[in-house]
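Feature annotations, courtesy of TrEMBL:
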type	residues	note
TRANSMEM	E:24-45	transmembrane segment
TRANSMEM	E:78-97	transmembrane segment
TRANSMEM	E:104-122	transmembrane segment
TRANSMEM	E:154-173	transmembrane segment
TRANSMEM	E:194-220	transmembrane segment
TRANSMEM	E:232-251	transmembrane segment
TRANSMEM	E:258-276	transmembrane segment
TRANSMEM	E:282-303	transmembrane segment
Amino acid sequence: DEFVIGAHMPLTGSLARSGQAFTEGMQVAVKIFNEKSPKHKIRVEVIDDESTPAKAVTAVEKLVSNGATAIIGGYGSNIVGPASGASDKLGKVYITAGAVSDELTARGLKTFFRINNNAGYQRGVETLLQELKPQSVSIVTSTKEAPLLLAKGLEESLPKSGIKVTVHQFDPAITDFKPIINKVKLQDRSDILFMSAYENDYVGIIRAAKVLKPNVKAIVGTWSLATPKMYSDFPDLMQNVLGTSFLPFPVEVKDEEGRRFADVYKETYGKEIEYLSTLSFVKAMVLCEAIARAADAGTVKSGGLADEMRKTDRASLLGRIKFDETGDNPNFTLSMGQHQNGKIVLVSPKANATGAITYPGLPW
Amino acid sequence: MFDLILQALSSGVLIGSVYALIALGLALTFGAMRIINLAHGELVLLAAYMAYVVEARTGLNPYAAIPLALVATCVVGTAIYFLVDRIREHRELNSLILTFAVGIILTNAILLFFASDVRSTSSPVLQDAVSVGNVFAMNSEIIAFAVSLILMAILWWWLKRSWYGRAVRSVSSNRSASMLMGIDPTRTEFIAFLVASILASFAGVALYTMSVVQPAVGHALTVKAFIVTVLAGVGSIPGVFCAALLLGITEALTVTLASSALQELAGMVLFLLVLFFMPNGLFGAHARRG
Amino acid sequence: MLETRNLRSGYGRINVLWDVSLSFPQGQLTTIVGQNGAGKTTLLRALMGLLPHEGEIRLDGQRLSGKTWNLTERGLVMVPEGRLVFRDMTVEENLVLGAYPKRCRADSRTNMERIYGLFPRLKERRGQLAGSLSGGEAQMLAMGRGMMSSPKILLIDEPSLGLAPVIVQEVFGIIRQLKADGTTIVLVEQNTHMALGVADHVHLMRSGQVIMSRPASEVDLDELHDLYLAREA
Amino acid sequence: MLKLENVTVRFGGLVALKDVSFRMGPGEILGLVGPNGAGKTTLFNAISGLVRPRGGRILFEEQDIGRLPLHQRARRGLGRTFQIPQPMHQLTVRENLVVAQVFGAGRADAARLDEILEVMDLKSQADRDAASGLALQELKRLEVAKALATNPKLLLLDEVLAGLESQAKRHFMLKLKELQARFKIGIVIVEHDIETISNLCSRAVVLNFGQVIADGTPSEVFRNPAVVESYTGTAHA
Amino acid sequence: MRLLGVAIFLAALAVPFVFGGNLYVMGLLVSSLILAGVALAWALLGNLGGMISFGHAAFFGVGAYTSALLAAKLGMPVLLSIPLGGLGAALCSLVMMPTLRLSGPYFALAILAYAQIFRILVTEMSGITGGSAGLSSIPALPTVFGIDLSSRSGSYIVLTLLVGACAAVYAAIRRSHVGTALRAMDESEDATRVVGVNSVLLKAWMLILSAFITGLFGAMNAHIINFLEPDYAFSGTWSVLPIVAGIFGGYRTILGPIVGAVLIYLFDQVIAKSLISVGHQILLGSLLAAIVLIAPNGLLPLLGRLRGDRHAQALRGGRHAQA
Ligand SMILES: Nc1ncnc2c1ncn2[C@@H]1O[C@H](COP(=O)(O)OP(=O)(O)OP(=O)(O)O)[C@@H](O)[C@H]1O
Ligand SMILES: Nc1ncnc2c1ncn2[C@@H]1O[C@H](COP(=O)(O)OP(=O)(O)OP(=O)(O)O)[C@@H](O)[C@H]1O
Ligand SMILES: [Mg+2]
Ligand SMILES: [Mg+2]
C-alpha cells in the first residue's frame, strides 16, 4: 500500500536556499526507504510555502485534504509554528528539522516532533569553546530568530565558564560588515569570532575579517558553514573556519545507512551531502519508518502514528533519535568541523573527532 | 575610537559609491521618463549572475564578464522598454506594475537557472586588502569606487552637455514640446533605457565582486536604489552621488557608534528627515506656480 | 511650399477639422483667423503631426510622414500656444533645445545672442526655471525658442497672447523681419488688426472649415468682423 | 474691502513685489496692468495665499488674512482664476463647479450653478467626460465659473480676456459688468489690452518691476509718461 | 455596478455552504479576503487621496501587533481588540502626517520608510513584542451565537462582512461631495485649494481611514493564523500585493481591488503553483504584464467596456496629453 507524506518547503523567497537542501535530503530518504521496504511505499508531495507562514498553513491544509498521512515541515520556527499548529488541528503528525525555538515544544502538541533544537546547537558550540578555553568571544549575530536565540543562549552560558562575551546584532539587510568587525578588532580584542548567522552573512563577515585582520585565534560559525559546498565556492575564505557538522568530508560514514545516503545523494544530485540535507534525510527516514510500523499495526488511520513516532529509538547520522513527551529530541548533539584544505575534519567533541584542530587557525 | 570612525567613514563612502552605481540607472529612467523601473534591481542582479557564470565556467576574472553582462542587461532592458512603450494609459502607474511584473519574472528565472545558492566572487586578488594607515578596504571595493566615479562623471557630462542628454531631459520635462524641437521621444527614451541597462551591468559586476548575491535580493536593491534616487531629487546626478554617500556613511556610523541592528533604521530616518525638510530631495528643484 | 488637401483631424472621437485644403506659399506670410474654437490651433497641431489626421499634408510636393520630429529637422517649426515650455529646465536650456535639429546646432551660440538681443528680458532670466516665468516671459521664450533653429517654415500660434503692448509691437516687428529674411510664416492671431498689417494672405476659419481665402490686400477689417459674426447665420 | 500695505515678495534674490500698497472699495472694478514680469500674477498669488509675502499686510474686509491658508481665504470670499488655466482635470465641468460651490460657498445650490453655467457659456460642455478635454478659451471660462461658484465678494481675474476674439471679448466684458452689478462683486482684472481696461474699469493700478508706478482712472494712467514708456509704447487717449 | 457589487457580496456569503467542508479552499479564500481588504484600503488612499503608497505593510503590521498584544498580554476580548488594532494603525498614521506634503514617489517611499522603521522598532522592542522570535499562541476568534468564528468558514464570513462594510463606506465617501473634491485634488491641488477645499485635512482623513482599514485586516489576520513575527507582519508582501491587486482589478473602482485580490491570489496559489512548483510566480508576473498591456485600467473597467458600460467609460476619461 502507498502512503503520501506532505511536505511544505520554502522553495522560493528568503529561505529558498534551505528549502532546496531540505527537499533533496527528504527525497533521497524516501527513495532509499522505498527500495528496502517491500510492503509499504511512500510518496512525497511538496508544496512551496514561499517562506511565509500563511502559505505554509494553507499548504498543510491542502496536503491533508489531498490525503497526506503526515507532514514534513519546512524551515524557520516562524513558519513551522503556525503550520504545525494547523497540522495538529487536523490530527496529523508533523516533523521538522528546521525549527529550533523552544516555544514550539512548549505548546504541548501531541503530534509535533523535531530532531534538532537550539539546546543541541548551543551545547555543540559550548563544548568546542570549553575545549579551546578562550578568554573572550565576540558574537556577531543576525537579528533573525534562530541565530539570535543561539546568541542569547551563549551570551548567558559562556560567562559561567569564565569567558567574556560581547554581542553584536545586525539587521539581515546589512551587507558591509567592516564596521562591525572593526569594533571586534579595536574594542573587543576577543580571542574568538563567533558568527550566528546564515551563509550570505558568513561570506560577508569573513571577508570583512580578512580585510581588517582582527587579532582573533579562530572564526567559528554554526549551521551551513562547515560544508564542502562553502569550501568549493569560497576556498580562500573558509580555510580553518569552524562550524557545526555531523559528518566529516570526504564522507567517512561508518554505518550502512550513511554510506547509502551519500551514494544515492551523489547519484541523484551530483554533489556531496550537506548539513541541511542530512538533517532532512534523518527526519524523513524516521517518519517513513514510523509510518511503516503503524501500517503494520494497522493504526495509521486511528491516530497510531504519533505513538509509533514516540517509540522511535534509533541511531542515526545525527546520533541517537528518541523523542520526549514534547516531541523534542533531547539527544540531539552535533560536532564541530573545521575546514582544512578542502576537507572537513571533525574536531570537537573529542569523542567524535576525526582529526586535530588547527588552533589558532584563520583563513589568512 | 578615532580609528573606528575613520574606518566607518571610508566603508560608508565605498559602499555608498556602489549604492550610487546601482541607483544611477534607476535615476536615469526615472528622471527621463518618470518611470520607476522596479525591475532595475533584477537587472543589476542579472549582471551579477553573468559575472558568476563567467568566473565559475572560465575561471577568468569577473570583470571579464562585463561584455556578457552588457549584452544580457541590454537585451532585457530593451524588452522592458518596448513593453513599457506599449502602455497607452496612466503610464506612470501602469509602468510600475509592468516593471514589477518583469522583476518577478526575472527573479524567478534566475532562481530556476541558478538555484538559490549564495554567490560571490572567489577571486583572491579582488578580496585582498589595501590599507591606508589603519583604514582597510578590499581591492574590489576600490575598483568599484573608481568605476562608479568615472561612470557618474560621464553620465553627468552626457546629460548636461550632449545633445542626447538634453533630449532625454526635455522629453521628461514635456513630451509634446520636445517633439516640436525635433526630438523623437521614443528613440530618446529607448536610449535612456539602454544607458540605464549599461549602468546596471557595471553595477551588477561590481556588486558580485564585493558583496554576495542571491536571487531574492533584486527587490531590495531596487528599493535601495529608489531611496537614493528620491533622496537625490529627480534627475540630479551629483544628487545621486551625494545621497548615496550620505546613506552609506550614515549606515556605517550607526553601526560603529550605536548598534548594528539599527543600521537600516538610521538609513530610513535619514531618508524621512531629508524629505520632510527638503520635499524635493537634496538636489531637486521644482517649479510650482499659479 | 506647404499645402494640405482634405485634411481632417481632431481629438479622439471628436473630429474638429473638416476637409481643409490650404496652401502656404513660399516666403510669404499667411494668417489664419477665426473665432474661438474654430480649429486654428488644431490645424497647426495637425500640420505638425501632433494629431493624427486623414487627408494629405505636402511639403514641396512630398507627402509628410506625420512624425513631428522629422518635420522639425526639415525646417518646419511651431511656436505653440499656451506656453509649452520645458518648465523644469532653465530659460537658457530651453533656448538651446530650440537648436536641437542637426542643421542648426552649429549656429546655436549666435542665434542665442540674437534672441537675447531681441528679448532682453530673457537674458535677465537666463538661469531661472522656465516654469516660474511670468506668462508673458514664457510667451517670449516660446517665440525665441522657435527661432533658434532658423526655421524655413514657422507656424506661430497667437504670439501676442498675454504680452504687453510694447512687446506686441516688437514681436510683430520680429515677424516682419523673419518674413523679410525669407521665412515662410503661418500666423494664427486674434489681434486681426496687427495680423493684417503683416500678412500676404488671409484665411478665415469657422467650425473647422476654411470659409474664406483672400490676399491680404483685398481684406477689409470690418468686412472680416462681419464674417466672424456670421456665426448665427 | 481689499487693502494692501507694503506687500513685498521675493524669490531668492529677485524682488518680485516691493512695498505694494493700494486699496479698493466694494463693487469696484480695478484694472491691474503692467509690463510682462511686473508682478501682477505674483500679487494675485500673494493675496490668494499661494506665495507668502516677506513683508506687509493684506487686509480683506478689515481683517488681516496674510496668515490664513488658501482654502480659508477662498471661504471668506476671495475668488481667483489662474493665468494658465488649472481645471480640476478629473472632473466634469459641472463637478468642478459643485466642488467650488460646496467647499467655497458652503452649500450646494443647483439653480445658481445652472445660472453660472449659462452666463459662462458652458452649458453644452457641462457634463462632458472630463474638463481636461476643453480648448483653451473654454478652460478660461471655466476658471471664471469656478471662481464665481465660490460666491466670492472679490474676484481676481488673471488675463481671462486674452486671446478672445474681439466680439467675444466685448460680450465677456458686458457679462463681467453685469455680474459685478448683480452680485456686488469687487473685481481686480489683469489685462494687457488698453481698450478693454479703459472700457471696463473705473480705476487702474500700474505695476512695473514690482512697484506701483501709477494709480488712477484709466485715462489718467495711460497718459502717464512712465506708463507710456514702459508699457504701452504709444500714447493712448 | 452597484447591483453587481451587492450580487457579488451575496454570492460570497453563500460560499461556505458549498465549500465549507474543504479547509484548503476556505483557507485560500480567507487569505485572499485579507488581501482584498488591504487592497481596498490601498485603493481608497490611491484613488480618493491621490496618494500611491508603497508601505501599507506599516499599517498591517501595527494593526496586527496592537490587537495581538492587547488580546494575548492584556486578555482583552478578541472582538474588541481587533477594532483597537485598526485604531492603533490609524494612530500610527498620525505620525505620518508630514508625508502629506509629499507627492508621487516621494510619498510612496516615505511610507515605505515608515514600514521599515516600524518593523525594526517591533523587532527591537523584544520585551513587549517578543522580538524576531515573534508571538505565538495569539488568541483565536471567539464563538458568537453558536458560530465558531475561528473556524475557516466562520472567519470567512466575518471577513466577507468586513470587506463588504469597508466597500460600502468607501462607496459612500466617493459619492459624497468630499469624494468629488478628493478626486479633483489629483493633479490639480492648488486649483482645488483656491476654491476653498482644505486639501490637507481631507487627505489626512483618507490616510487615517486607509490605515484603519488596513490595521483591521492585519488584526484579523493575526487572530486567524495565531502567530506573528516582525518580518511577516511588516513583510513587503503586504505593501506590494495590494498594489498589484488594486491595479490588476482597476484601482479606480471599488470592486476592482477586491476582485483583483481574490483572483490574483487564487491564480497564483492554485493555478500557477500546480503548473510550476518552484518559481511559480513567473506566471503571476506574466499575467500582470499582460493585464497592464491589454487593460491599462484594470480588469473590471475592461469588462465594463466590453459590455459598453457607461460608468467605466467615465472612469476612462483620462487626461489627453495637452499639446
Ligand atoms: N484637447 C482637446 N480635446 C478635445 N477637444 C478639443 C481639445 N482641444 C480643442 N478641442 C476642441 O476643438 C475645437 C477647436 O479648438 P482649437 O483650439 O483648434 O480652436 P482655435 O481656433 O485655436 O480657438 P482659439 O482662438 O480659442 O485658440 C474646439 O471646439 C475645442 O472644443
Ligand atoms: N517662483 C519664482 N521664482 C523665481 N522668479 C519668479 C517666480 N515666480 C515669478 N518670478 C518672477 O517674478 C516676476 C513677476 O512675475 P509675475 O508672474 O508676477 O509677472 P506678471 O506681471 O504676471 O507678468 P505677465 O504679464 O507676463 O503675466 C517675473 O519676472 C518672474 O520671472
Ligand atoms: Mg487656438
Ligand atoms: Mg501674469
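Just so it is clear, glycine is given a Cβ too, placed from its N, Cα and C backbone atoms.
Predicted, not measured: the structure shown is a model, and the values here were computed from it.
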Candidate ranges E:104-122, E:154-173, E:232-251, E:258-276, E:282-303 - greatest C-beta contact count to the transmembrane segment (E:78-97) (under 8 angstroms): E:104-122
Residue numbers, six or more beyond the limits of the transmembrane segment (E:282-303), whose CB comes under 8 Å of its CB atoms: 244, 246-253, 255-256, 259-260, 263-264, 267-268, 271-272, 275-276, 309, 312, 315-316
Among the ranges E:104-122, E:194-220, E:258-276, the one whose Cβ pairs under 8 Å to the transmembrane segment (E:232-251) are most numerous: E:258-276
Same-chain residues at least 6 beyond the ends of the transmembrane segment (E:104-122) whose Cβ lies under 8 Å from its Cβ atoms: 51-58, 61-62, 65, 92, 95-96, 129, 230-231, 233-234, 239
Same-chain residues near the transmembrane segment (E:194-220), Cβ under 8 Å, at least 6 residues beyond its ends: 34, 37-38, 40-42, 44-45, 48-51, 53, 56, 59-64, 66-68, 81-90, 92-94, 96-97, 100, 155, 158-159, 162, 166, 169, 173, 178, 181-182, 184-185, 233, 238
